[in-house]
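Below: the structure, in structure tokens.
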């Protein structure tokens, strides 16, 4: 039966297990294996300068554009653990390599969870044993997607069917969402026959306009990793544009799922900025609004408080005419020429989706959209209790 995630494309199998890393006792380790005949790989990692040990190892191993497997654990980030953390990440890869008969450099590794605690290597080793046991690997994409969850409330999968080839994906991440990815792990698989250069181009283009425009709370994780693995098992060689479109579609779907499942979310908010000189300025302005706590609180309260939008965007590094800014909530003008529009306070924001559009009045062609959420009581409750 066709799967909806990473095992939908030909040439991929997966497994999942409960190793006891999560205090909840829920599944917490997963394995994705590319059975070939090709082993093309590309990745995008966090831009946080404090990077977790698995990111260091994966960055080295994917540099040649080839990977045959990726190991995941949830419940422990293996970040900020010094040389011991690095050694544990490498030990995990070495142990898996022995079990699968692969070279260690053919394996990627990802961790997510609490920062600053050493990996329980006895549990990791036992988990690898279970992941590679006879009969464990198969069409288990859904189980793998569930095993990588942390504060997610639902697993996240998608599939894109192209002309004779497929892209599948799984992801996790609902908090610490900000540019340069998020607390986010994503694995995309495809049975298309592509080169490493094609994979890198498609992944960079897709993440730039999907995951990197998702900004939930302004925090950037130490562990962000997005992998694209290609088996070539379909025998189809798409063009670069065809690959770009399919990878974008998969990433966009996952990004929307992450926004919908964001920690404590009650409102899904899009912030679009126009009327400035460059796209870079527009995205800076949109992010400045999206990160502003007063704005986010107004969204939680369904309050069409356009003044908070102006106060926030005025801090952005973007060209603007401060006397001629326009703000629209759900396509209704609430502020024109930087003053309130008639009926602004009566705009209905009670729905779950809110579209905010801001014209900075500088007359340029720059534009960008950032997706965010409101700031609710539940968000504070979830994150104040996270380490416990």
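Cβ atoms are placed via backbone N, Cα and C, with glycine included.
Summarising the annotation, Swiss-Prot assigns substrate binding site to 150, 172, 183, 263, 383, 388 and lists sequence analysis as the type of evidence. Taken from Swiss-Prot, the feature active site, nucleophile applies to 183, supported by sequence analysis.
In the three-state DSSP assignment, the secondary structure recorded for residue 150 (substrate binding site) is coil. The secondary structure of residue 172 (substrate binding site), as reduced to three states from DSSP, is extended strand. Counting every protein chain shown, the number of other Cβ atoms lying within 10 Å of the Cβ of residue 150 (substrate binding site) is 22.
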